[in-house]
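Asks: I am attaching a structure below and will ask some questions about it afterwards.
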Amino acid sequence: SLTKIKMARYSFDLSFFLARTHVNYEVKEDVAVIRMNDPNSKVNTLSVRMQNEMIEVFNEVLANDAVHSAVLISSKPGCFIAGADINMIQACNTSEEVTKLSQEGQKMFERIEKSPKPIVAAINGSCLGGGLEFAIACQYRVATKSKKTVLGTPEVMLGLLPGAGGTQRLPKMVGIPGAFDMMLTGRNIKADKAKKMGLVHQLVDPLGPGLKSPEERTIEYLEEVAIQCARGIVHKKILLTKKKGMMQKVQDYVMGIAFVRQQIYKNVNGKVMKMSKGLYPAPLKIIESVKAGLEQGPDSGYLAEAQNFGKLAMTSESNALIGLYHGQVACKKNRFGVPERPVKNLAILGAGLMGAGIAQVTVDKGIHTVLKDTTVEGLSRGQQQVYKGLNDKIKKKAITSFERDSTLSSLTGQLDYSGFEKADMVIEAVFEDINIKHRVIKEVEAVIPPHCIFATNTSALPIKDIAAASMRPEKVIGMHYFSPVDKMQLLEIITTDKTSKDTTASAVAVGLKQGKVIIVVGDGPGFYTTRCLAPMLAEAVRVLQEGVNPKKLDALTTGFGFPVGAATLADEVGIDVAAHVAEDLGKAFGSRFGGGNVDVLKTMVERGFKGRKSGKGCYVYTPGLKSKDVNPDIDDLLEKFKLTPNPSVSSDSDVQYRLVSRFVNEAVMCLQEGILNGPVEGDIGAVFGLGFPPCLGGPFRFVDTFGADKLVEKMRRYEEVYGNHFTPCQLLLDHAKDSNKRFHK
Amino acid sequence: MNAIRGKTSFKTAHLLQACPYLTATRSLSTSVQLHAQVQTKSKKTLAKPGVKNIVLVEGVRTPFLLSGTTYADLMPHDLARAALQGLLHKTSLPKDAVDYIIYGTVIQEVKTSNVAREASLGAGFSDKIPSHTVTMACISSNVAMTTGVGLITAGQCDTIVAGGVEFMSDVPIRHSRKMRKTMLALNRAKTLGQRLSLIGSIRMAHLTPELPAVAEFSTAETMGHSADRLAAAFGVTRLEQDEFALRSHTLAKQAQDAGLLSDVISFKVPGRDTVAKDNGIRPSSMEQLAKLKPAFIKPHGTVTAANSSFLTDGASAVLIMSEEKALAMGYKPKAYLRDFVFVSQDPKDQLLLGPAYGTPKVLARAGLTMDDIDVFEFHEAFAGQIMANLKALDSDWFAQTYMGRKVKVGAPAMEKFNLWGGSLSLGHPFGATGCRLVTTVAHRLLKEGGQYGLVAACAAGGQGHAMVIEAYPQ
C-alpha cells in the first residue's frame, strides 16, 4: 500500500510537471484558441498523445463558461494536421483492434461535431487524412490560400479508407460525386478549389513582410480572422446553414432519388474495377461504407466504416502501400550528407526528350540551367519542350505567366561550351553510344572547373566504362532519369568504386531538388532498373513469339497490377532502345538473359517500328487519338519468328508469373550482388521507375508476401521447359529454404 | 493606382464632431496650425559644390475631379493643356522660353500616346519645343520632373516644363485579341470570299471586350487587394485606416476652405461650367465610414471604398529651371529640388512600400534625419498603405530584416504630415500626383516657414520615389 501511495504522489507530481506538450489553449475574451504543435516532429499527426491532450483541452473548453466558441489552429507554419499516426495502425495485430481505433476517432469527432460551442478550424498547410476528418467535424473552416495549404483524404493510397467519419461526412458536405472523387483518388485539393467544393467556408490570403516574418504573421492573421468567424457564429452573424441555390436544390433533389444513387454506385464501382482490375480492396470498401451510410443510416454507415477500416488495415495491399510510403520517405533523404558546395549552375548536354526533361525539372528550382545541343533544330525542340512544360502549368493554374517567364530566364540554350567554366555539374544526355560519350566527356573536361561533377544519363552503359575516358573518375557518376522526366518520380543514381562520397552527395542533393525519389545503386550492366526490366522484356518477346498478341500481353501484365502493359511499355521505352539493351545485357550476362529472339526487336527497328516516338511499334499511334490499334504488320513479323508454346507453362497465370518471376529474381540477384543497398530501394526503384505493381509493394515485398518457396517452385517448373532463364538465384533459394527469412521486417 | 470610390454619399459631416474623436483615439492630430507663424530657421543649405542648383519656379494643377463628372467628355491632352495654359498664365512665361516639355501618364489614350506633345502644341507652346511622355505608374510625373532635373544638371537645358495627366473618365477598352486578329486579317484579305469566311469565323467569344488591367501584370493581384494584405501584414486595423481617411478629408477641407490650395487653377470646361475646386473632398464621420463593407478582401478585409483613393481626372504642371536662369529671367523661385531616389522591391508582397524604402535612402543622400524635415507630403494610395509605411519606418526589425539598416529612421511626426489633405481626399490622377506633392511641399514650406520637405510615393510594380526639397530663401 505504501508503494501505491508513492505511485499516486508520483503520478500527481508527474502531471504537475509534465504539462501538456502537444495541445494547448488560450482564452481570448470569449473564444478559446486551441493550438496544436507536436514538439518532436515537423508535422502534427493525430497520435495517441495528441488525441488524449485534445480531449482534455476540449473538456476544459466545454466546461469553461466564459468561453462561447473555439478556434482550432496549428502553430506549425506548413501543417495543420498531416494525418493519423500510421504507426498507431501498424502496431495493431488484429482488424478488431484497428476497428476500435477507428471507433474511438469517430467518437471524438462526433463530440466535436455536436459541440454546443462552435469550433472553427483554422487551416494553414497540409490538412490531410485524419486532419481533414477533424476539420470537417468542426462547425466552420477557414483556410489560407498558401501554396502549402492542401486538403485531402490520401488514405486510399495507403490501401485504407478515411476511418474517422470521413466516408460519412464528406458525401453530405461536398456531394456524393465530389466525395467519391476525393476519397477514391486521394488527391490534394488546394484552398481555392476546396472553397468552391464547399469543403471550407472562408479563405485568408497569405501575408508578406510586416513587423514579423510572413509565416508567423500569416498564422496570427488566420487566427484573428478565425476568431472573428467564431464570434460571428455565436452572434448569428454567420449562419451555418446556408441558403441553398437553385443548382444545389436540383442536385439535392436528384441525389435524393434512390435509383440515381444506385446508378452512381454502379458507375463508380465499374470505374474502380476497370482502373484497379480488382487488385485494390480499399476503393471498393470506400464505396461500400458511403453506401451503407446513405442507404441504411448513420449507425450502419459509421459501423461499416470502422469495420472496413479494420479489414483494410490487415490486407497485404495496405501493408505493401504503407511500405512504399515509408520507402518513399526514406528515398527522399540524402544519406550521403551535405555536399561541399551546392550546385548553382547546371549544364545539360543534349536537348532531346531526356535532356530537355531534366532541364524542365531543374530550371524552376532556382538552379541556373544551360541546355546545350549540337544543332539549332535540336536545341529549339528542347527549349520548346521546357516552355510547353511550364505553359501547361499555367493552364492548370499552378503558376502564372509571369512565373513562367521569370523561371525561363534561368534557362540558357546554346550550341557551344561558353560559360561551362562556371558549371558546378554537367549532366550529359547524348546518344547511348560509348564512343560518343567518351568524346563528350573529353570535350567537357577541357572546359569545366575542377570541382565540377560529370553525371551521365544512361540507361544501360556501365558508368566505369564511360568514366574510363575521364581524367577525374571520382567526379563521374551516373544519373539515370526515366522518361518522361517531369512525370516519372524515380532517379537512379549509379556510383562506381571510384566515385567520391561528395560527388554522390551532390548528385543526390540535385535529384532531391528536382523532386525525385532517389535510389543509389552500384555500377554494373543495366544497374538495377534496366537489369530487372531486360529479362522481363525478353520473356515478353518470347510470349509474343508464342502467339500471344500485344493486346493480350498488355491485359495479362496490367491484370497483374502493372500500370502499363508490357507491349505498351516496350513502345514507350522505344523498341530500338529495348533492342540495344537486350543485346548489351545479353552480352554481359550471357544466356540467362535470353528468351525471346532479339531479332524480333531488330527487325521491328529495321522496319521503322521504333515505338510511340516513330508512330508505330507493337501498336499504331495516331496523334490526337487516345485509343490505339495493334500494328497490323506485327503479325506477319511475329509469324516469321513463331515458337510453339508449351501448354504446361502457358496458361494466363503462368505467363504472368513467367514475366514477373524473371523480374523478381533479377531484383533479388541485384541485392545478392550488392548492386542494391537494400530491399527498400529495390522496391522503390521497381515501383516508381518500372511500374512494378504498387499493390504488391515491389519485388522484395512480393517475395515476402507470396512466399519465396512458392515462387521458387514456380520457377523450377518454368526452368524445366526453358532452362537457366528461370534458375532462381542463391538469395532467393535461401529465403525459400527458411521461411523466417524476410526482406522486410 | 487602382483606386476606387464606391459610395459618394458621405455627408459633409460636422467637422467639429469628427475632430475630437480623432484626436482622442490616436495621435493623428488635426489641431493643425494652418496659419503657423513663419519661423526663421537657420539650417544649412543642401547645395553641393559643383552641382547646379535647380529650382521649382511654379506649380499648378487643374482641379482634381472624380472621374465621370465634369471632365467626362474631354480627352487627356485637354486636361494637360489646361494645366500648361494655367502655368503659362501664372508665370507669364514666354511661349518659346522653354527648352523641353515632359509629361507623365499611366493609362494611355492611344490616339495621343505622346500626350506631352499634343498638349504642348494645343497649349500654344512653340512647335520648336520638343516634348516626350514618360510612365512609371503613380510616380510618372515624379519621373517627368527628375528627367528635367537630369537634363538641367547635364547642361542640356535650362528651362523645363514637367507635368502629369490622368483621365479615368475614358479608358481604352479593346476588342479581344481574337477579334483584333480577325480584323487585322480582314484588312489583308484580298477576295470577297476570304473576307466573308473571316467574318463568318467571328463568334460570340470574339465580342468580349478587354478592359485595361486593374491588376498588377506580374502577380495578377489588384492593388486594393495587395493594400489590404499589406495592412494586415503590419497589423493596421480598420479603425486606424478609417481615422486616417477621415483625417485626410478633414484636413483637405480645412485647406480648401482656407484657400491654401493655391496651386489649383480654375478651368472653363468646354460645354460645361468653370471648375475651380477639387470635388472629392468629403469629410464624413467615423460612424459613416465604419458602415462600409470591405471592397477587396471579403468579408474580413479592412480596405474600403472610403479609405482608398478614388478614380480621378486631373493634370498638373511645374516650371523647373536652373537657379541662374530663373534669376536671370526675373523669377522668384519657390524651392530647390534636391536629392531624390527611385526604389523598387517585390511587386507582390511589398507593392506599396516605396515610401518606407525611399525615405531612409534619400535622407542618407541628403545627410538629413527624420527630425530635420519640416514638411512631409506622402502619396496616400490607401489609408492602410500609409499606415503600413509609417509602421515600417518605425520598426527596427523591418529596417534590419528588409533594408539592411542597423536602426529605423522613425516615422514622420503627424503634425508635419500631409497637412493639406492627400490623395485620399484631394484625389489621385495617377500620372499627375507627383507634381502636386512637390508643389504642395514648396507651398507648405513657404507658409509654415520650414526649410526641408520630403516627398515620398509608392507606385505599381513595387516601385517608389522620394525627394528632398529645400525652401528657397525668402
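Cβ coordinates come from backbone N, Cα and C, glycine included.
Annotation comment: TrEMBL describes A:GLU133, A:GLU155 as site 'Important for long-chain enoyl-CoA hydratase activity'. The domain '3-hydroxyacyl-CoA dehydrogenase NAD binding' annotation in TrEMBL covers A:346-523. The site 'Important for hydroxyacyl-coenzyme A dehydrogenase activity' feature in TrEMBL is assigned to A:HIS480. What TrEMBL records for A:GLU492 is active site, for hydroxyacyl-coenzyme A dehydrogenase activity. Feature annotation from TrEMBL assigns domain '3-hydroxyacyl-CoA dehydrogenase C-terminal' to A:526-621, A:658-737.
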Asks: Tally every other Cβ atom lying within 10 Å of the Cβ atom of the residue listed as 'active site, for hydroxyacyl-coenzyme A dehydrogenase activity'.
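Replies: Within a 10 Å radius of the Cβ of the residue listed as 'active site, for hydroxyacyl-coenzyme A dehydrogenase activity' lie 25 other Cβ atoms.
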Asks: At a 10 Å cut-off from the C-beta of A:GLU155 (site 'Important for long-chain enoyl-CoA hydratase activity'), count the other C-beta atoms across all protein chains.
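Replies: So the number of other Cβ atoms within 10 Å of A:GLU155 (site 'Important for long-chain enoyl-CoA hydratase activity') is 29.
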Asks: Could you give the Cα-Cα distance between A:GLU155 (site 'Important for long-chain enoyl-CoA hydratase activity') and A:GLU133 (site 'Important for long-chain enoyl-CoA hydratase activity'), in whole Å?
Replies: 11
Asks: For the domain '3-hydroxyacyl-CoA dehydrogenase C-terminal' (A:658-737), would you mind checking the mean pLDDT of the predicted model?
Replies: 97
Asks: Looking only at A:GLU133, A:HIS480, the recorded sites on record, which one has the least crowded Cβ, with the fewest other Cβ atoms within 10 Å?
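Replies: Checked A:GLU133, A:HIS480; of these recorded sites, fewest Cβ neighbours within 10 Å: A:HIS480.
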Asks: Could you give the Cα-Cα distance between A:GLU133 (site 'Important for long-chain enoyl-CoA hydratase activity') and A:HIS480 (site 'Important for hydroxyacyl-coenzyme A dehydrogenase activity'), in whole Å?
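Replies: For A:GLU133 (site 'Important for long-chain enoyl-CoA hydratase activity') versus A:HIS480 (site 'Important for hydroxyacyl-coenzyme A dehydrogenase activity'), the Cα atoms are 40 Å apart.
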Asks: Would you mind splitting the domain '3-hydroxyacyl-CoA dehydrogenase C-terminal' (A:526-621) into helix, strand and coil residue counts from DSSP?
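Replies: DSSP composition of the domain '3-hydroxyacyl-CoA dehydrogenase C-terminal' (A:526-621): 67 helix, 4 strand, 25 coil.
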Asks: Please work out the helix, strand and coil residue numbers for the domain '3-hydroxyacyl-CoA dehydrogenase C-terminal' (A:658-737) from the DSSP assignment.
Replies: 65 helix, 0 strand, 15 coil
Asks: Can you give me the Cα-Cα distance between A:HIS480 (site 'Important for hydroxyacyl-coenzyme A dehydrogenase activity') and A:GLU492 (active site, for hydroxyacyl-coenzyme A dehydrogenase activity) in Å, rounded to a whole number?
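Replies: That separation, Cα to Cα, works out to 5 Å.
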